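For Cys24-Cys122, Cys52-Cys162, the entry in Swiss-Prot reads disulfide bond. Swiss-Prot lists 1-20 with the feature signal peptide, giving experimental evidence as the kind of evidence.
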Amino acid sequence: MALPFALLMALVVLSCKSSCSLDCDLPQTHSLGHRRTMMLLAQMRRISLFSCLKDRHDFRFPQEEFDGNQFQKAEAISVLHEVIQQTFNLFSTKDSSVAWDERLLDKLYTELYQQLNDLEACVMQEVWVGGTPLMNEDSILAVRKYFQRITLYLTEKKYSPCAWEVVRAEIMRSFSSSRNLQERLRRKE
């Protein structure tokens, strides 16, 4: 009995050490997951964006929230987390499951979920180690309003294929800005 318990404790310690040693550095696995998410979003394209030019819309992407200069690391991570959470919510709707290939959508859910877990572990460590305040409420609110505008647009367009295509392209744009923010954070370290 003592040997299995000791082995279990050793595994717990090693597991904690590997996940707690991230030092909130947005791990390489998160970066790879981010890249895979972008590839999945690109693969999800069903129709040409050019055939949907009449449906283009300015969602007023909150670019200032992604500039990264005014952020503390924990605040930036909270903004990244919010973008991924809102993207997950957007593509988890019943209307989304009708619009997209189910196999690709399942892969997208998996990637987004893993990124959320990576960021949550990072946020928890930042609180545990530094006691840093995690959220800039204005930034989080700006991201939420951005996604509300996207949801309203989809509703107004009755979740048409072109509306979803415009939204898919917009989400790719937001993920590109998120990636740029991550890179700036890494360079600051």
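Placed from the backbone N, Cα and C atoms, the Cβ positions cover glycine too.
Since this is a predicted model, take the numbers as computed values, not measurements.
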In three-state DSSP terms, the structure that Cys122 (disulfide bond) belongs to:
helix
Highest CB neighbour count within 10 A among the disulfide-bonded residues Cys52, Cys122, Cys162?
Cys122
